[in-house]
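Participant: When I checked TrEMBL for this same protein, it listed these features:
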TRANSMEM  47-64  transmembrane segment
TRANSMEM  76-97  transmembrane segment
BINDING   K139, E140  UDP-alpha-D-glucose binding site
BINDING   K307, D331  Mn(2+) binding site
TRANSMEM  545-564  transmembrane segment
TRANSMEM  584-604  transmembrane segment
Amino acid sequence: MIMIHFTANFQPLTNMEKPPLRDYTATNAASAPPLLNTLTPSRRTSLNRAFAAVYTCAIVALFYRHTQTLFSSKTLVSFYVTLTLFVSDLILAFIWANGQAFRMRPVYRKEFPENLEKVVKTSDLPGLDVFICTADPYKEPPISVVNTALSVMAYDYPTEKISVYVSDNGGSAFTLFAFMEAARFAAQWLPFCRKNDIAKRNPDEFFATDYKMSSETEDIKIMYETMKMSVEHVVETGKISEEYNTSDDVRQAFSQWSIDGFTRQNHPTVIQVLLDKNKDKDITGNSLPNLVYVSRQKSKTSPHHFKAGALNVLVRVSAAMTNAPVILTLDCDMYSNDPTTPLRALCYILDPDMQSNLGYVQLPQEYHGLNKSDIYACEHKSLFKVHPIGYDGLSGPNYLGTGCFFRRRALYGGPSTLILPEIDGLSPDCVVNQPLTAPSVLELAHHVAGCNYENQTKWGSKIGLRYGSLVEDYYTGYRMKCEGWRSIFCYPETAAFLGDVPFNLLDVLSQNKRWAIGLLEVAFSRYSTITFGVKSMGLFMGLGYSYYAFWAILTIPITTYCLLPQLALLNELSIFPKVSDPWFLLYMFLFLGAYGQDLLEFVVHGGTIQRWWSDQRMWIMRGLSCYAFD
């Protein structure tokens, strides 16, 4: 069922109740409720703290030597060389001290999704709204976005409780066409996955594996390949080929979209309900998940706030249409690799001991297609795996931009301070009792997706994802922590999501430059991590966030140590102690201690020495390039 609407009426909604948990005290007072999750402190915690104390003493000794050398300098050149080294080492010490926050209390969690049905009935599981954002059909091929959507639509979760919202920030007819085709294919793919208990529910990935051959599988493969070729042909030529089995309504909608001539800079809001759980069924007669395409209104005269703005539009549109209490945000190239992932997240979200201040459950970003050495260090193991484990022992990991299950309530102020939106129908405790295609629902959804809707509201400042930084994920998670929310790092053995990585050095450095600029915007704002953050979250969490906020200033010591030794050698200056000098042991300890600890953490969490070496090489390249041009 495809509907487009452009008006703006709505009806008041009722309050939403939490999913009822089964009362085990009444049924069996002698037995405790089944375990949903466990927490185990890392065995390296004591060693980390002891090493930090010793290393701190070594740093103090280093600055003592720098001070001695500085005041005993006999020439202006040696004075400035020593001063440069002093400043560089001061920055390195500052970053190192911030990084110790991750090592003070790392913890490991384990969840037991098999026990969830013993705690809450399947019919009482909370609804799940999935947000997928895309912007450019040439950089982000529509067939790849479709595969991501199909992989989450096929979750081992009640289909009537899943709603997938696709934000097309580019307003592309190609993306719309791809999802119209995907809506038809979903009626075949979803029951096929459940019937055969398929683990990889991304069609492209499944058919690339050594799957079990059968007539049914081959029929599904032919359907998928036909859809894929049709979508790729449209992207390449801009026309629908007559040789593909494309329905008349899809052809008509695609043609109308193209004739209307919507541009990426200035077009009205378009909301299309591609699948409606109340009307659309799969081939077995079961309901299909809701699938909604959203292309928000854009104007050259109104700021659109990039991905943060697109996600906030989805928060409001989904509130008007389904208002599920749990939200999953995904990058368009980050497909689901484990159909039980929502159940794992619910092991924390439905835990009564965590419900009061749990804002979100973050899963690690993991990638497929990495070569053996990961020459561009795209895995970012420390950022996406090692450090979140350390954060988790404090008040939880930061929001990483994808693979995150939010409680909708957490986007509306702090745990004890609910900030109500300007329209009652957008409140997190409202229930939508009308179907997606009801005129009043579509009218409200269109209204809240307008480019001027956020003017004079609290969206982006106190409600929803936060504006003010290019790294909206980091900034949003940081502000939520300052408000009092905590988070959980769920790190299952099987990767929950797998994504793509940049293919060339230019893309890698451009991505890191954007991150560095956005982080510095936070570091030097009125919400600076080193002042506002420490005051709001405490010392260790404030330092942990400062580690990333001040990431880019590493360009100073990296550049210094890459250039100064050569210049000193040409001028016959000695900047390091001789091997026979007792101070040499201090330098050796500082060097080997820092690198040894980093290597140990990298390898313990599944890395290899070869990839760690690539990570160190790229660290220097980033420091000499993208960090320096912020």
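All positions are counted from 1 along the displayed chain.
Placed from the backbone N, Cα and C atoms, the Cβ positions cover glycine too.
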Participant: When you look at the transmembrane segment (76-97) alongside the transmembrane segment (545-564), do they share 3+ Cβ pairs under 8 Å, ignoring any pair fewer than 6 residues apart in sequence?
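Facilitator: Result for the transmembrane segment (545-564) with the transmembrane segment (76-97) is yes.
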Participant: Taking 10 A as the limit, how many CB atoms besides its own sit near the CB of K307 (Mn(2+) binding site)?
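Facilitator: I get 20 for this one.
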Participant: Count the Cβ atoms, other than its own, that fall within 10 Å of the Cβ of D331 (Mn(2+) binding site), considering every protein chain shown.
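Facilitator: Here the count is 21.
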Participant: Mind checking which residues reach the transmembrane segment (47-64)? Cβ under 8 Å, same chain, six or more beyond either end.
Facilitator: 86, 89-90, 93, 96-97, 100, 103-104, 106, 586-587, 589-590, 593-594, 597
Participant: Just name the most isolated of the binding-site residues K139, E140, going by other Cβ atoms within 10 Å of its Cβ.
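Facilitator: Each of the binding-site residues K139, E140 was scored by Cβ atoms within 10 Å; lowest is K139.
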Participant: Are there residues at least 6 beyond the ends of the transmembrane segment (76-97) whose Cβ is under 8 Å from a Cβ of it, and what are they?
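Facilitator: Long-range Cβ neighbours of the transmembrane segment (76-97): 55-56, 59, 62-63, 66-67, 69-70, 543, 547, 550-551, 553-554, 556-557, 560-561, 564, 568, 571, 573, 575, 594.
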Participant: Sorry to bug you, but what's the C-alpha spacing from K307 (Mn(2+) binding site) to E140 (UDP-alpha-D-glucose binding site), rounded to the closest Å?
Facilitator: 14
Participant: Whole-number answer please: how many Å between the C-alpha atoms of K139 (UDP-alpha-D-glucose binding site) and K307 (Mn(2+) binding site)?
Facilitator: 15
